[in-house]
Each structure stands twice: as structure tokens, then as C-alpha cells.
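Lifted from TrEMBL, the feature list:
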- K654: ATP binding site (BINDING)
- 316-331: compositional bias 'Basic and acidic residues' (COMPBIAS)
- 15-221: domain 'Aminoacyl-tRNA synthetase class Ia' (DOMAIN)
- 224-425: domain 'Leucyl-tRNA synthetase editing' (DOMAIN)
- 559-677: domain 'Aminoacyl-tRNA synthetase class Ia' (DOMAIN)
- 726-862: domain 'Methionyl/Valyl/Leucyl/Isoleucyl-tRNA synthetase anticodon-binding' (DOMAIN)
- 651-655: motif ''KMSKS' region' (MOTIF)
Amino acid sequence: MTAKKYDHKIIEKHWQDVWEKTGIYKAVDFDKKRKKFYQLVEFPYPSGAGLHVGHVRSWASMDAYSRKKRMEGYNVLYPMGWDAFGLPAENYAIKTGIHPSVTVKENIDNFRKQCKNLGLSFDWDREVNTTDPAYYKWTQWIFIQLFKNGLAYRSEVPVNWCPFCKTNLADEEVMADGKHERCGNQTEKRMQKQWLLRITKYADRLLSDLNEIDFSPRIRIQQENWIGKSTGSSIKFQITNSKLQIEVFTTRPDTLYGSTFLVVSPRYAKKKLLKYIPDKYLRSVTKYLEECYSVSLRVESKQSQLGGHPEPSTCHPEERSEEGSHNEKTGIDSGLKAKNPADSKDIPIYISDYVLDEYGTGAIMGVPAHDERDFAFAKKFNLPIIGVIDGGDKSLEAYAGEGKIINSGKWDGLSYPKDISSILSDIEKSGWGKKSTTYHLHDWIFSRQHYWGEPIPMVYCENCVKEGKSFFTEEQKKGGNEEMKNKNDVILEGVERPIESHQFNNWNPVGWYPVPESDLPVTLPFMEKYQPSGTGESPLANNLNFVKTKCPACGSPAKRETDTMPNWAGSNWYFIRYLDPNNGKILADDRKLKYWMPVDFYQGGYEHTTLHLLYSRFIYKFLYDIGVVPTSEPYAKRRSHGIVLGSDGRKMSKSFGNVINPDTIVEKYGADTLRLYEMFMGPFDQMVVWSQESLEGCYRFINRLWKAFNEKVGESSKVGKSSKELSIKLHQSIKKVSEDLENLKFNTAVATLMELLNTWEDEGVISKSDAEKFCLILAPFTPHLAEEVWLLLCDRKIGTDKNIDSHGSDQRKSVNNPCKSYSVHTQLWPSYDPKLTVEEKITIPIQINGKLRGTIEIDRDKIDDEKFVLLESKYNKVVQKWLAEGKVIKEIYVHGRLVNFVVR
């Protein structure tokens, strides 16, 4: 029969309604017949702009993966929800003048509609929303458990302040150039009291447990570098004529004899050295410190915009800014001196902004002969340069390579890095220092000064401050504090403690209490004026009805914490809530956790590798330690996808005018076309460029498929048989598509389907059984078309005489009810005949005296006949030319692999 035009609008809407009505994508808790498979994609921030094509690339590809898993017999959980708290929603509300509670709801409704219009097989019964009080009740509960276990605390710390958003940011939220990764504005440094989470206590486990999970190499390396574990020595330098010591950390203790000066950060100097500065230097030092603080220079190590940590270019990376090796040095002599413990020589102490505050101790030993940043500093301030590792011209540049140790007293003749262990031991034995570990990772600043976020469930009582009481002292009275201490010791047992950063002193929790768990959630009040104040306080501080409360311990008037949680708070554990989204009594049912966890496959963007992915691993490990979840890692496997660039090769942006609206594509070409194209664009883990021409090619492909399934399938009255070539191509395609889907090679899987259609069109009619197999492997990629085709094939199989390309409502009602048993997506994934997947001809290279000179194709059933293969090789015209130049003295045939003629 001749097919009518494929009407994607009617067909796609029909099948979306059928899927929703029949609920075929709902996951089943405790299914005893099928093995579970938890497929997770990152839930989005529901922006006002709606879905973008980057969302579609990720979700449609993993939707295809999930559909295949269902067809393979798995009980698949593929959920979706909304990460709706945070600055983006608040800034959008400020821009539009509409309250975030209104815009978020509208945006979520739009996102959900768009997802359904794409035919994504999410289990909508498990939908979660981080702004729902029933959800963030448990986000607050997790914070309270962290506090009770000593992992949440307050401290005055340097923060990245965004003047535009009027809130502080974690280092991970600031790009390499010091700009806020969300709004793009330059940030500043300021000191502020904040809530922090002790993620550093989990640094070793976060690092070592990467060996237990399947993360792609790129993701693994980024997390390893961000945690940045460095093992070395903590060495103490005695300030001359003083009892005061300066402790430095170095990964190169072998260069101790080459340390000709110390450098401390401006904040270290202001906090610990200022009162010891000689009068002669005090005025100039004070002026320098004021300049450093006024310009608010960003001195953290530069990170890649994908969240990585730079590879050190020299041997002393631990506490110096990467900017230090290229930018003009600033610094000042403090007038103080310290003794190098190795040779007792006095060396000057300088203050400079190229030393990092955030990591280690805030002080470094300057070894200019072997660190390029120290070399530049020494050159500017005319400081001695003493080489202690043989190699390079140290008058021209620092030498950071391996070599024999020189000018180092008792260490002379040893080698770096071979003898580093014995040098570490000698330093410890000599009393100069001790073996130490430090990390690039530092405690997570967890409070924000904006409105749209989860309220931090803490109360501050002035009366308890006067009496010296806190939650911990009250628990001790009850006999519970020791129990909590023991629990914390168990949690942190065997964890190697990093050097305590000098600014994160143990805080005094006096006056602080968590909100009673029975009073959760602490709901975010509706406020007309929710714009950031810029004072360093959240707008909630102006809502006295919210602020005023009673102390949970003594009942006196108290104040609620008015800072809110960061936008990462709700995403730390959302994958847990999918398992039991309506449970009001506990985080999630223990049996469901044991059945579904860990997530079998988590797919998301590279930009979240050192943010969400690391944070959520930390929170999950903590929940494991306190007995809430059954496994120590949340994700068994993690992969990421590349972004979609505009047709001009630039990142899609309204300012560039290159943004592609998925709704427009779906309306004109259909959801299946968009899904198929986004999978076909290129390798899944790489950036790809949008091409309108390729999109239209996928649209033509779908219409060709429609035509072929209507016109080129054998009728039931005439069985119809596929040609041998078509049958071979089909089985090869089943094998290739199966393997490519499993390996996320979506683009080559789609190419295989296209090649199969080409062969079908060339060969003519396909048998009904082969057409069904083709439809089955097509189903994950074009689910609507596949359903329609499957119904056509089923109708023909059972003798129904309806024409599937009649899409009017009356005709469709008369077609067999497309119930779950008829859905293509509930069928078994097809198997292939291994014999038919083997190429019929083998290509064998021909060598002359070991050099490739030509190839021949031999039928597979002839490769055992050595005489035949050798004879065919000699008939090759190119080979004949080379054979004519001499005499063949030996013929070699390696079975099925090569022929070699030895000619003299």
C-alpha cells in the first residue's frame, strides 16, 4: 500500500496519552521477577527560558538507554524532579518582578509539559521539588544530623562576595577569572561568619573510594585534583629572638637547605605577626596590608572552568597562587627573620599576596632555585638563590626536575625523588618537623545571604550564651554527648587528618541549638521584599515574625538563623527521595533504599564534577556512617556529556542570537526527529555543533522509515522473505546497535540504523519477522514512530485490516486498543544470529619482504585453503609488479591474517 504522509503531531500526541494512561514507565518497588536498574539524570533548575537542547541531548540519549534496559528485562527507575531553590530563581524573579514562588511553579509546569512532549519515559509518580516543604524538611534534617555529629559549624572565613547577587559564594562557584559562574560578575574577598560543613574530614575516603566506582577517567581525574591530597612535611621555623614559630607545609622537604626566605599571606601577617613587626617596618607593612585588603585580589589557585585543578608547573604547588609565576610580584619585607632549622641561618620573612590563605598554613618557605614563583620573587627583591638539586642553570630559571642533592649538609649525595622518604624521616628525627598531609579541598561554606533557599534550622539564644550553654553541653547533662562523640569517632575512624588551616579554628557553639526535629520543616515565609539587602544579612533578618522564636533548651526569647542554604543543598540527596517521595516520617523507607541503591548509572554535565557530584558523595557517605543508607557510595557509574554549541560554533546565548528552542523543532519536525538528531550529532562525551541540515536529514530519515514500513513489508497472505544480504545486515545491525547503546555511542548506533534502511530500500521487501526486529531496535531512538509501526505490524499479524496511516479520531478508535501488551517498549530486545554477523569476505594484507604492498578479499569459507589464498595473492595486479622484480624464495601465509612473499 502507499503510505500517507507521516503526521508527527497526531501520532506523537496519541502515544504520549497512551503511555500516561497505561503507566508503562512506572518502576516497581521490590519486583521479584526482574533485576533493578536505577538510571539517573541530573534534575534541572527550571529556568524561565524552558528546556534547552542541552537538556534534550542528555535526557533523550539516556531515555534511549533506559528503554533498551526495559526491553532487556530490567525493572528500570528513570525519575525526574526540579532543583528549584537558589540564586538563578531569585535573580529571575527580581528581573521579572514576580515572586520566585510563582515563577518557579510556572517554570516547573512548563518543563514538565516539554518533557512529556518529548516522549521521555520518566516515572512521573516519583517527581520531587526541592522547594516543597515536604521535601526540604529532610534537607534540614540532614543539616541537623551534621551539626549533631560535629560536621556543621560556624566560623569567620574569607568569602567570595558577589556584589551583583549580594551573597557569598563557595570557591567552586567562582570561575578562574574571579567571576561568579552564574551571573558572570566579578567577585570580591571579604571576611564573614558562615556555616561550614567539614567535608575535609572525608577527603581521604572521597579520594580512595574512587577506586570502588566506575567514573570516566576525566571525571575521576577532576575529583582527584580538586581534593588535591599532598603528602609532605610540616616544618617549623623559629622567629629569631622570639618564641614564636612559623609552620610551613611543603611537598619538597628535600629543598629545605635551599630555603632563603619565608613568605606569609597578608591575612596571616595581620593576624599573627603584626604586633611583632619592628617599628622601622611597621608603617610600610601596615600600608601594604591595607592595599591588599582594599583591592580584594583573588589569590586562589586557578581552576579550569570545568572544575578541575591545575597541574602544578613547579615543585612547590601547595600554597602559592598559580598567578604568581606570571604576574608582577608584590610583597614587602616584614623586618622579621627566622632560622632555617637545617643550617640555623637567619632568613628574612616577607609578606606577599601570592601566598594562599585557604590551604595549608598561609606561610611558605621560599626555594627560588627550584620554584618558578619563588624564583621570580627572589629576583624582584634581590634575595639569595641557592641550588640544592643538581641540574639546570639556576641563574636563568628555577630547576624543578629530578637529580642529586647538593649543598645540603648530611643529605649531600642523596637523590630526589628516590630518597624523599628517608629525608622525611630525618626531618622528623631531627625535630625540625613532621610528616603531614594537606588538601586542596577545604571545608564547604554552606550559608548564603539570599532569600530563596532552605532556611538553616538553627536557633541562637543570648540567655544560653550568658550561661555558657549550648546543644552539646545540654546533651552532656543528659549523658548523650559522649555517645555522640563516640559516634563521631566511629564516623571518622582511620581518616587521616589534614593540617588544620589556620583560619578554621575550633568554633565555640555556645548559644546554638538545632530546631527540634518534631518542628521541621522550618518553612520559608512569603515575603514581598525578598531582594538581597547587601548588608551581609539575608532578607529574612527583616522578618521579625520569622526571626523571633523560643530557645529549644531554656525557653527564653531567641533568634532563628536567617541565612539560607546554598542551591546545592537540595541536590545532595534528591536521588534518595525518588525512592520514597511521599514519606513524611523518614527520609526514605529502609527496604526501598536497600532494593534500589546505589544508582546504577548517573549521567550529567562535566561542570558538576567538583560541585554537586563531590558534595553529594560527601553527604551520602555521612548518611551511610549514621546508618541511614545501605551503601558507602551513591553512584556505581558516572558519565558526562558534551555541550551543544550554536551553528556558529559558539556557546548558545541570546546575545549571540544562536539559541535553538526545542519547542520550535518539535512543532515543525516532531519529537522523534529532535531526539534522533541530538543522538546523531556526534560522540556523546564531546562538544557538538548544531546543524540545521543534519536535523532535516533526520526528519527525512524518519519519513523514509514510515514509507518503508508501510510499503515494503511482506503481506500476511504472501509471507514475503528478506534477501540474504538484508538478513545479514539486520543481524549485524542488531549486534552493533546493542553494543553501541551500551557504550553510549549513540551517534554510530543511529548511523547503523540509517545504513540498514539503505540496504532495505535497495533490496526491496523485508519479511514481517525481520521488520519487527528492525522496529524493536528502532524503538529506543524514535519511540513514537516505533509504537505506530509496531501497531501496524501487530494488526497485520492478527489479521486486522486497518490502515495505520489513517490518523483521524474515528479510525483510531476502531484500531485495536494499544494496551501495554501491544506496546513495542514492553517487548524483549531482539537477539541476533552470530553466524550472520560475521562478514562473508575477509580482507587479507599482502606483504613483499615484510612491507605492505596490497590487499585481497577472500570468501570466508576459502580462508582455510592456503594454496587458493596464495594463488589469489599472486594474481593481484599491484603485487604482480613487485613479484616481477625478483625471485620468490619463500611464501608465508598466516591463517586469515596476512600473506608475505620473500623476494630476492
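Quick reminder: no glycine exception, Cβ is built from N, Cα and C everywhere.
Long-range Cβ proximity for K654 (ATP binding site), meaning a same-chain Cβ under 8 A and a gap of 6 or more residues, is found for none. DSSP places the residues of the motif ''KMSKS' region' (651-655) in helix, strand and coil in these numbers: 0 helix, 1 strand, 4 coil. Looking at the motif ''KMSKS' region' (651-655) alone, the prediction's average pLDDT is 79.
Listed as Cβ neighbours of the motif ''KMSKS' region' (651-655) (distance under 8 Å, sequence separation of 6 or more from its ends, same chain) are residues 52-54, 643-645, 690. The stretches the domain 'Methionyl/Valyl/Leucyl/Isoleucyl-tRNA synthetase anticodon-binding' (726-862) and the domain 'Leucyl-tRNA synthetase editing' (224-425) do not meet in space: the count of Cβ pairs below 8 angstroms, excluding pairs fewer than 6 apart in sequence, stays at fewer than three.
DSSP states for the domain 'Aminoacyl-tRNA synthetase class Ia' (559-677), grouped as helix (H, G, I), strand (E, B) and coil, give 46 helix, 18 strand, 55 coil. DSSP labels the residues of the domain 'Methionyl/Valyl/Leucyl/Isoleucyl-tRNA synthetase anticodon-binding' (726-862) in these numbers: 80 helix, 18 strand, 39 coil.
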